[in-house]
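Everything below concerns the one structure shown next.
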Amino acid sequence: MAVFFTVALMTMACPLLAFDMGQSTRCVAIPHKMHVCKDVGYSEMRLPNFLGHSSLESEVVPHSEDWRPLLQTGCHPQAQAFLCSLIAPVCLDTFIQPCRSLCVTVRESCAPVLACQGHSWPDVLDCDRFPAEEDMCLSHHGKPGIFSKGLPKSACQNCPYVEEAPESKTILDSFCSHDFAVTAKLHRLRLPTGEPEFEIEGRVEFIRQGPLLLYDTRHLLQQWLLINVRCARALLRPGRSQLYVLTGSVQHDGTLSLTRVFPWHRKDANIAVAFRKWKHHRC
């Protein structure tokens, strides 16, 4: 995942600069296997697209997959609309580019995710190249929904400290000194492309709930793994699952910060002892 963006951006940097609004275009159906833009809200796209791709099979579909890991991080709710307006522009009587304001909004949320993986916001998506709001373009819209406003969110961070075979007192102190503590089984597998994928297996169990929400925490940790892929790789080998105790805090800006991680092995009795002490005495 760390390299997914580099190849894609190198191949796309020049075509956008050279795209000619006056060139002949055609409308085609968005292919079902083009998963990135499958549910974008319209069924036909214009070719060539704004990235200069004219072939569905050899350019559009394979290059669209390069963006999927970024979209899976959930870096911005309109990231898909922004990217698909370039990859699969809607087929109307006129060209509809993304507005500059939409680009800026998406960049502010998604550029830190790229930076977390060692990449800067690409020149091909320089927001100054897109039209201003008063022109006909795809704009950003709406305020945060009632269900997302104020929710904790995942962000890039330094990797948490992983402690093997900790003493029960160390674990209990971590429960007391952090906002939350949960148990979660993390899993790493490999996709056919060779890119690793991380997921939360089963339920997330609360030890100390703190500011986390019951219905949101599994998704929150999933997003953390996808954003902090370098940390996730250090935690898991390909094809392996591991149960962890995760402790951390929610910062003043609402971002989740994992601080200490304890692998829970079958023969590790200290974590179980810490659980019992926590239930009976707390802090």
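Backbone N, Cα and C atoms are what each Cβ position is placed from, and that goes for glycine too.
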Cysteine of Cys99, Cys103, Cys110, Cys116 paired with Cys127 via disulfide, per TrEMBL: Cys103
Sparsest-packed of the listed disulfide-bonded residues (Cys103, Cys127) - C-beta count within 10 angstroms: Cys127
DSSP-assigned states of the domain 'NTR' (159-283) in counts, ordered helix, strand, coil: 41 helix, 45 strand, 39 coil
Arithmetic mean of per-residue pLDDT over the domain 'NTR' (159-283): 91
